[in-house]
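Report on the following structure.
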Amino acid sequence: MIRETLTTELAALKKQGLQRQRRTLQTPCGVRIEVDGRSLLSFCSNDYLGLAAEPTLIDAAREAALRWGVGSGSSHLVSGHFTPHEELEHKLASFVGGERALYFSTGYMANLGVVPALVGRGDAVFADKLNHASLIDAVQLSRADHQRYPHGDLTALERQLSASKAKRKLILTDAVFSMDGDLAPLTQLLELAERYDAWLMVDDAHGFGILGPQGRGTLVQYGIVLAEHPRLLYMGTLGKAAGVSGAFIAGAEEVIEWLLQRARTYIFTTASSPMLAATLLKSLDLIAGADGDARRSQLQLLIARLQDGLQGSRWQLLPSPTAIQAIIIGENDAALRVAAALAEQGLWVPAIRPPTVPKGTARLRITLSAAHSLADVDRLLAALQAAQ
């Protein structure tokens, strides 16, 4: 009976165009890849700076593996916290302007650990409706009252905050929204957090390494100094622009110490490999240096080329200043057909469907990388025009 039920539900997913399939890459992460025996130009990775296969980082990983091995063997609070972990946390805190940072295995685990450590029954979380799934799951796990406000609607958010009688309040938002590419109004959100005595947690998975001077993130882009706002928490991921793996939370000393004591996804899991932490130290040097500046400049050229090339065409991009450039198609089947047409021309652009995006907003999610060339973008533009 159980198997039959799942078989029926899987068939329903397939009929709705919602069944997902994995594609197996036979080459390292990059813009030119081999998938299922086919050579493709990829526009779907979050490797925004092209660091995932950067030779300098590969060399750093090799040296770190020889020095530290490949596993940690334990949780951070037992015997799995190594010198590279400690050095990375100090460097991350300094990089984003926080008092202290805590290194997690993934961004999903960071969000899932932080929210329930800060709020629970009797508290309230105010969340943008387009927040990442990990933030939604984190609120549900916390058992706090979950109030969602329309995307970017500060008036609605203030109305919810002013009416709340919760003991503790937490405003939760993506900094760069992963499926649209637009930015949250962080300055105004911080003002509301201060006015209504709430925490503000910012998930900068898609802004860290890209936005702000030296890629220091979306807070710095807005001129917000993390260390000056004890109620502010910052989450950044290290497997996208940084090209490696993991995530971190940065904020006030007391907040990070509390998370170390209470964030279950930090406490009760084996620590990430010290090899990865050591590699990330080198990645941060690249991000903050002249090489990182050159990669970010290249990314801006590519974004402008794509946006200019689609002006006046059938394909209208959502407004976004970031590497995430989305074209709304609408129906699931239509989005899949366009993605398939692009694949026929050797381009991998994924069709994103519900539940990742709201129903009726299936889209092509184009992600650009500094490893792309202008000629690569021109090839995509030509293929999109042909797909009309």
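For all residues, glycine too, the Cβ spot is worked out from N, Cα and C.
Same-site candidate for pyridoxal 5'-phosphate binding, as annotated by Swiss-Prot with Gly107, Tyr108, His206, Thr237, chosen from Ser79, Ser94, Ser178: Ser178. The candidate list Thr279, Thr322, Thr356 contains one residue that Swiss-Prot assigns to the substrate site with Arg20, His132, namely Thr356. Distance noted between the C-alpha atoms of Thr237 (pyridoxal 5'-phosphate binding site) and His132 (substrate binding site) is 13 Å. Neighbour density for His132 (substrate binding site): within 10 A of its CB lie 22 other CB atoms from the protein chains shown. Take the recorded positions Arg20, His206, Lys240: by the count of other Cβ atoms within 10 Å of each Cβ, the lowest one is Arg20. Note on Gly107 (pyridoxal 5'-phosphate binding site): other Cβ atoms within 10 Å of its Cβ, all shown chains, come to 25.
For Tyr108 (pyridoxal 5'-phosphate binding site), the recorded positions whose C-alpha atoms fall inside a 10 Å radius of its own C-alpha are His132, out of Arg20, His132, Lys240, Thr356. When the Cα atoms are compared, Thr356 (substrate binding site) and Gly107 (pyridoxal 5'-phosphate binding site) turn out to be 17 Å apart.
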